[in-house]
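Listed in Swiss-Prot for this protein:
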type: BINDING; residues: 282-290, 423-428, 507, 526, 624; note: ATP binding site
type: REGION; residues: 353-423; note: region 'SBD1'
type: REGION; residues: 424-486; note: region 'SBD2'
């Protein structure tokens, strides 16, 4: 370090340190106490050596050496809401949630008061008490958008953000929350509520008709259905005049504010490790949705892992963030909780609206965006959408839930040079984030590096551990915060783990070392989506990536279909560009795309006539392609 021209002298200190923000206060650390980023970069370069180790013929990967362990252990006898509301000490910021439509702000004091009032109202209405009855008897489904609006005095509109308040109120009563995606059908709602033995649901006017259809099937009485109101622009198109008059969340909270205090929740030591906080439905991209059980301890552990990883870049604390993510998704659950813990201001949208989101960035001087790759793909292909707005406040864009194409990231980086694209990877079952990208080692195409406390192995098709970099295998995962199983599906739970307690993620991945010498995870594809052509594995993502380099391909999804000679072959569903080669007939464009593909990939990846042009590709809210729907479509043809 002394050989570095910017360094005058070196102060030796124990490593790892908790956060890099302590560096400027080390005497003699940098000439004239230069910005700590210089010291960060030097520290990073000296401590980046991979920490993987070979153990009993297993190559076990862990977090980089420069990532500190969390500075506290996750408590195991505290509900998640109590934890984040009582540990909001990382910033003086006191506006954890801001409604994007109205600008209404919830302070920490308001959050605590409203959680307690709502819990009292729920307890009275449902005849629940904190320490009586099992959690499994207190399951509450939430089928709602993120933001609610309530009529106030003199017909004014008071905007409130009650999604997490409702979750924490249920937890205050020792209950379990079951978030349901707004895209759920009435049949899916019915199935989940039967599986969870759930007889209480909260919905909103924008989703009312689907909820009532499910309630009718379940023979659910009206007094077990509660509502969250919405701004008029988000109302359901259905005629709601014939709907039953349902009690609102606001009425419950008002009722509870007049009631005596609840008794404290009494948990025994270790209860948080087994107590389920959320029943989260899996994406269902390859099959039916299942309900993954996530514990209070597991989610709190992940919050601390995320905070420790980003402690290396401490300017994330107290920032303003905007997320186009539904709170019903595990990704949204994590973002909401970590923001409160770290003292961030979270700009909340009822549902995604591109223009409203970009306008909010300018209005609230947003520093970080949480997005999914399909949204970024739209921005990259339509830069004019960003032109009316001042987006200079944004310094980082966090993506997850699906792969971020490196071409899209590079294009957006050229348009917005101040944006760093930080990709993360995880599953609902891993509770929740496993890898994250440091802003000091951004590598497009990767999913980042492992969080502290997380371990990873790669297992090939023959069941042998991968022992080399850049060699693919199924990702096996172990950490203190894995899910505890699928509700009502013992067989799937058992098959998710090997005999040593490693979780099979179902994702195919590889570890590569970045130019800075840091191990990164690259996710190739889902194991279930792999295509076996003449005994050789074909990764659909490889075919998709090659096709996306054709100028006339706007989007594509590839699946495997049966083939009499090869066993399986790749089939592609393509959305064609509206502006490039639009004069081509479908047959001519199909020939052009096939020529393009055959110039780049082996014959096992070729399509032939198995290329279908479609108007849209079915995707989940998080941007994952619903390949089961495409398989059904291919089979019907």
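Including glycine, each Cβ sits where the backbone N, Cα and C put it.
Location within the structure of each feature annotated in Swiss-Prot.
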{"residue": "282", "record": "ATP binding site", "DSSP class": "coil"}
{"residue": "288", "record": "ATP binding site", "DSSP class": "coil"}
{"residue": "423", "record": "ATP binding site", "DSSP class": "strand"}
{"residue": "507", "record": "ATP binding site", "DSSP class": "strand"}
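Note on the binding-site residues 282, 288, 423, 426: the fewest other CB atoms within 10 A surround the CB of 288. Confidence for the region 'SBD1' (353-423), expressed as mean pLDDT, is 88. Its Cβ taken as reference, residue 507 (ATP binding site) is surrounded by 22 other Cβ atoms within 10 Å in the chains shown.
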